[in-house]
Each structure stands twice: as structure tokens, then as C-alpha cells.
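Trainee: Annotations for this protein, taken from Swiss-Prot, read as follows:
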- 54-56, 60-65, 76-79, 87-91, Tyr133: coenzyme F420-(gamma-Glu)n binding site (BINDING)
Amino acid sequence: MPKSPPRFLNSPLSDFFIKWMSRINTWMYRRNDGEGLGGTFQKIPVALLTTTGRKTGQPRVNPLYFLRDGGRVIVAASKGGAEKNPMWYLNLKANPKVQVQIKKEVLDLTARDATDEERAEYWPQLVTMYPSYQDYQSWTDRTIPIVVCEP
């Protein structure tokens, strides 16, 4: 049974906040080439994930915490533990071709859900990197997807 999430988590206010904070962080990231402000948040490295909007066909950019595993980039579709998956996750399910920017490096990758074995490997690493992921999982009935982006 999930813990009680923050009251605003599944409200339109939360979506508005996430949208605008993502835009601000993306702007800072690009302005600084992922160095310093914008390139990390709470001392955790940030990458920019670009998906194609499933309805608009337009590029959609989201700053996300990430892990590297060789040529792979691993991200969690947490949306802060909200009831629904983030829009970027729905976009990559419709079109798995993504671009990931890590500092000045831009990678053209293909995204997919982690296998059960990969999930068992990556989830503990994600939680070690950002312990709030464990809280996020406790706030929702959905299993937070782990996305593997690979060449």
C-alpha cells in the first residue's frame, strides 16, 4: 500500500510546476553546456532527453537524472510519484527514437523499457543516486518505468 503523496502531486498545479521548472532547467542547461547550474540538481547529474511529441510531432525536451552504463543512458519515468506516467514517457513509447544530451555530448539513441533483470540491476542504483525515488514509488500504485536508451 502506497504512502500518502503530497496533496498537490496529482493536481494541475503540479503539472504546471513541473512544466515550468523543466523549461527553466533546460534553458540553464543549454546556456551553460550542462556545466554548473542546469547540469546538476542537488549535486546529481542531469541530461536532456528529447522525444518527439506523439500528437504534435514536435521535439519535447526534459531534464532528467540519469545513469550511464557503457553506451546506455538509464532514466526513471517517475514524475515525482504521480499517478500517471510523464508525457515524455508516453512520447517515447509512440516513437522510441530519442536524443540525449549530456553536457556537450549529444547521443542519438533508441529507448525501451528495462527488462525485469535490468530493473533489478538499475533500480537500486537509481535509488542510491536519488533516494527520493523510493518515496515516489511508495506514493503510486504504478510501477515507475525504467527506460534504457541505447545505440
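In case you wondered, yes, glycine gets a Cβ from its N, Cα and C as well.
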Trainee: By the DSSP assignment reduced to helix, strand and coil, which category contains Arg54 (coenzyme F420-(gamma-Glu)n binding site)?
Mentor: coil
Trainee: List, in sequence order, the same-chain residues at least six positions removed whose CB sits under 8 Å from that of Arg60 (coenzyme F420-(gamma-Glu)n binding site)?
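Mentor: Residues satisfying the criterion: Thr50, Thr51, Thr52, Gly53, Met87, Trp88, Asn91.
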Trainee: For Pro63 (coenzyme F420-(gamma-Glu)n binding site), which of the three DSSP-derived states applies: helix, strand, or coil?
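Mentor: In three-state terms, Pro63 (coenzyme F420-(gamma-Glu)n binding site) counts as strand.
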Trainee: Give me the non-local Cβ neighbours of Lys79 (coenzyme F420-(gamma-Glu)n binding site): same chain, 6+ apart in sequence, Cβ-Cβ under 8 Å, ordered along the sequence.
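Mentor: When sequence neighbours closer than 6 are ignored, Lys79 (coenzyme F420-(gamma-Glu)n binding site) has Ile18, Asn85, Pro86 within Cβ distance under 8 Å.
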